[in-house]
Amino acid sequence: MTLFARYRILLPVLSLAILLAATFYMQPRAMSYFGVNLLFNLAVPIALATIAQMCIIMVNDIDLSLGAFVSLVACVVATFLNDTPLLGLVILLALVLAYAALGAVIHALDLPAIVVTLGMSFVWGGLALFILPSPGGSSPDWLRTLMTVKPPFVPMAVVASVLIAGITHLLFIRSGLGTVLRGVGGNARSVARAGWPVIRLKALAYGCAGLFGVLAGMALVGLTTSADANIALRYTLLSIAGVILGGGEFTGGKVSPVGAVIGALTLTLAASFLSFLRLSPDWQIGAQGAILILVLTARLLFTRRDAQA
Amino acid sequence: MHSAAAAAAPIVALTDAAKHFGAVRALDGVSLSISPGECLGLVGHNGAGKSTLVNVVNGGLSPSAGTVAFPASGAGSALGAGVRSVFQELSLCPNLTVAENLRISHAALKGLRWRGQAREEIAQALDQVFPGHGIAADAPVDSLSIAQRQMVEIAIGFAPRGTEARLVILDEPTSSLDAGIAEQLLSHIKRFCAAGGAVIFISHMLGEIFAVATRIIVMKDGRVVADEPAGRFTRQGLVDAMGHVAPDAAAVEAARSFGETVVTTPEGLTARRGEIVGLSGLAGHGQAEALARLYLGATSSWRAPKAAPMVFVAGDRGRDGVLPLWSILRNATVSILPRIARRGLVDRAEESRIAADWKARIGIRTEDVTNPILSLSGGNQQKVLFARALASDAPVVVMDDPMRGVDVGTKQDVYAMIRAEAARGRTFLWYSTETEEVCQCDRVFVFRDGQISAELSGADITEERILSASFEMAEA
Amino acid sequence: MKLLHKPWLWSWVAAAAAFALTVTLTGGSGASELAYAALSFGAFAAIVGLGQMLVITLGPGNVDLSIPATMTLAGTLALKTMGSDPGTAWLGLGVAILVGLGTGLANFTLIYLLRLPPIIATLAASLVYQSIAIWSNRGLRIKPPEGLADFATGRFFGISNVALVGLALSVVIWVLLERSVWGRWLLASGQNLRAARLAGIPVEAVRAATYLAVTVFAAIAGYLLASFSGGAALNMGTEYLLMSIAVVVIGGTSIAGGSSNVPGVWGASLFMFLVVSMLNSYGAGAGVRLILTGTIIIGIVIAASTRRATR
């Protein structure tokens, strides 16, 4: 039974498949272009945010500010990027650089990432309120069009998820630099010994997180067409759960971009599934928690059995 | 081969290199040069300075005094001069695959096809060193066995990696390899040196040293005490050059009588009441693990009875012993809290009295026991850990190489204290890397490869007997 | 000189400065009202902060994210049990504490048996607690019994009762940490879990008790907050998630574990309230307020790290 240890991606895929099968069983009408689109509608921004969180977890840190950051990006997109696209782009670029700088500072001063990002969550939240004191703004048209495009055969959300998974897999698993970045999480000392500047690698990992956070905010505005300062606060915890569901671990650089996207899809689907279950809305959040615990328990059982084998 | 080597410029040359850590002279003025074609066998006891020497050569540490140069290549750094190290502790990234680990130390692998190149290069290196190794280049390192990981590390050490390996340092490379695989490594080293490379080979397996080294240096107390072509040494001569002369004052003590057996472990370790049992052998051969298992099994993570059945004296202070934020006082009394508490609250007067008592008895050098523990020297910190254990009433005391960094005078005091406590009926299990300490024991178990290779008692406890049981003398 | 090295000093200095700056603007009037308000609102943050402090003392990776859900659940169930009937205040408190014990036990079971990282375990479990709260609340807003509401909003010798409860709990925690065997065990486990275990400390029992303590404190805070604000609301705990961590860190407790700081939690809780009222009285918007709060948290972490480095 080394199957699950060997192919870590198998368990996340299996959980998603089982959940999807159960959903289709409960609600056969969901098995259509329109139905699938509805099921996974909000998955794209969550998947991007999960990838962002994964970049941080990849180097053994954790980001408690991601939800606030995505909200801030959403506010920038719905105002500046819509009204003055050039200024909007500059601001978004500055945000990515700020993330990279954060990574460098955390490494250089050996600060606990959990506290620094906690502080940053206030800063991002404050900036968002500054830009958009009350809900409003509107999505740039091109973004709206992009997010609601209807490709043939397969809905947009699925195409986008596959694209995100594919591209990030290339970036973080296949590419040489991505490999070194994962090495930082696995054994930073041996990476430093081989002559790599770990501080720049850390900054790069954080910069990537910033980039995907920006993309998540943009995708979110494209779907919701407007923004508010608290729009994505729950993404912080969702993204952490997504990474772990996708087979990632908090330490050791063990992450999987494909798994992270699958984790995000599972979390999104869990919400839809529970509403099909005619479960009272009261229990939907709780059932999500229960699903999370169940999947992690299943994983523990499989890995433990593998360890004994 | 030898004449050719002598003519070429040395790959690395150390002149009077020294490295001090505080007052400790880990490396005390070593001059050494290694030429192409040489295989240098490096032997010495634990703490003789081998690791420090290696780290000065590979650029991990910069010397406190003296110079390190790379004349053959003219490079300024060890990395540029083609000096590679394979460390004793595993230094791969366990989350990456074998080929990906090569990428970490091979920055020149670029482009879209790097993965294929890396796979090919590591497969080639593995094939060269360990024909028939059976390790897939795409296997994640954490799915490999310890031996396979070590093979991968060695292969990465010898792999070309864009430049060329000129000097490969192997620190106990065969410690987790079986005999057949080790043999493959030895023949590869010979081929590598014949082709103009150089190797520093550190091993406790004297048979391997003689099989592969062209020159042997012996280190003791941070200095090179012998440096000769391998042919000039005999096995016994090498052991003599490494060894101390054991003081046999303790050994002549009359045999005492002991009580019933109070400790038995699955490894076959036994101890009787009032006995001082030593665990010996080379470092890392399972002694510390055996003691930790014994202690963790005898005590609970959920309950702490007023009278603890067993206490533990740590040798690795930072990892296992010292509570760094606390005062000397609190560090000393942490194990006896349930005994001196009333209704859950610590009796602080009693606590201070006990701490003051032990400060005097064991001679902790401090003005005030409320000073932070880290204000003490290593040896004095160790005394606090002794006080912590001896202050309890536990009938069994487990000691994991507890004398690291303790000065000679204190050692004598502690020996006397241990003997006195043993005479009062306490049992001591004492792992030590120093033969002199082991000679204090009533009975000694020598460990090799996680198993007990000899049990010695009374007059049989001699440095020679212990060494011959520690080293695999039988192997050719 | 020794005072300057007390890690709690800075949170009190900051709180005092914020207080002084606010009072200067109003020309001295309203100082006692401000102090009263700071103590009552700060008390809730201090109570949950004390619990979070104990968990963070256990060392890196230990944090409880189920505080908001536990607060909501305890407040909801306690009010529901009491049903606005007079004389049921103690019953309600008992229910709240039982809720705290239950959630703490569930959290630690996940952490210990399933070996889940505390962050994920408490996060997943908190979703379940939240659902139970939603289910039992059903959108009803049950008023607390009149006597209890009077107590929660009342004062005694000019200090709000809520603050007095918070202070009493703080004294208990302080005695526990400074004088008791359990406190010593907790501090030792946070410094080095392995060394603590090898010194004979029952580390798993210590961890279990700590994860129970944090939820019991959150439950008490939820019970008081629901009584104070005239009923339990489903989002009543939300702001205390980050707040509980922030007051611990600003208060000078080391995120690396092994050192707790009770006075600092109070200084930080007062500061978090006072800085808001200061910025409000200077007419700053919510945005500026949050940005400054975040900057201060990061500044304190950096200051703490450089102090550590120079020592």
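A Cβ is built for glycine as well, from the same backbone N, Cα and C atoms used for every other residue.
Taken from TrEMBL, the feature transmembrane segment applies to A:7-26 (among others). Tertiary neighbourhood of the transmembrane segment (A:7-26): same-chain residues 39, 245-247, 254, 256, 258-259, 262-263, 265-266, 269-270, 272-273, 276-277, 291, 295, 298-299, 302, selected by CB-CB distance under 8 Å and a gap of 6+ residues from either end.
What TrEMBL lists as transmembrane segment is A:38-57 (among others). Remote same-chain partners of the transmembrane segment (A:38-57), defined as residues 6 or more beyond its termini with a Cβ less than 8 Å from a stretch Cβ, comprise 23, 30, 63, 66-67, 70, 113, 117, 147, 155-158, 160-161, 164-165, 168, 172, 185, 205-206, 208-213, 215-217, 219-220, 223, 232, 235, 238-240, 242-243, 246, 248-250, 255, 257, 260-261, 263-265, 267-269, 272.
Per TrEMBL, the feature transmembrane segment maps to A:64-81 (among others). For the transmembrane segment (A:64-81), the list of distant contacts is 45, 49, 52-53, 87-89, 91-92, 95, 99, 114, 117-118, 120-125, 127-128, 131-132, 136-140, 143, 209-210, 213-214, 216-218, 220-221, 224, 226-239: same-chain residues at least six beyond its ends, Cβ to Cβ under 8 Å.
Sequence-distant neighbours of the transmembrane segment (A:87-106) (same chain, 6+ residues past either end, Cβ-Cβ under 8 Å): 59, 61, 69, 72-73, 76-77, 79-81, 113, 116-117, 120, 199-200, 202-207, 209-211, 213-214. Per TrEMBL, transmembrane segment is recorded for A:87-106 (among others).
The transmembrane segment annotation in TrEMBL covers A:113-133 (among others).
Here TrEMBL flags A:153-173 (among others) as transmembrane segment.
The transmembrane segment annotation in TrEMBL covers A:203-225 (among others).
Among the features that TrEMBL reports, transmembrane segment is placed at A:231-251 (among others).
Within its own chain, the transmembrane segment (A:258-277) is flanked in space by residues 8-9, 12-13, 15-16, 19-20, 22-23, 26-27, 30, 38-40, 42-43, 46-47, 49-51, 53-54, 161, 164-165, 168-169, 238-239, 241-248, 283-284, 287-288, 291, 295, which lie at least six positions past its ends and keep a Cβ under 8 Å from the stretch. Annotation comment: TrEMBL describes A:258-277 (among others) as transmembrane segment.
Here TrEMBL flags A:283-302 (among others) as transmembrane segment.
Panel annotation: around the transmembrane segment (A:153-173), residues 33-34, 36-37, 40-41, 43-44, 47-48, 51, 54-55, 58, 147, 179, 181-182, 208, 212, 219, 255-258, 260-262, 264-265 of the same chain, lying at least six beyond its termini, place a Cβ under 8 Å from a Cβ of the stretch. Counting only same-chain residues 6+ beyond the ends of the transmembrane segment (A:283-302), those with a CB under 8 A from a CB of the stretch are 1, 4-5, 11, 15, 19, 241, 244-245, 247, 266-267, 270-271, 274-275, 277.
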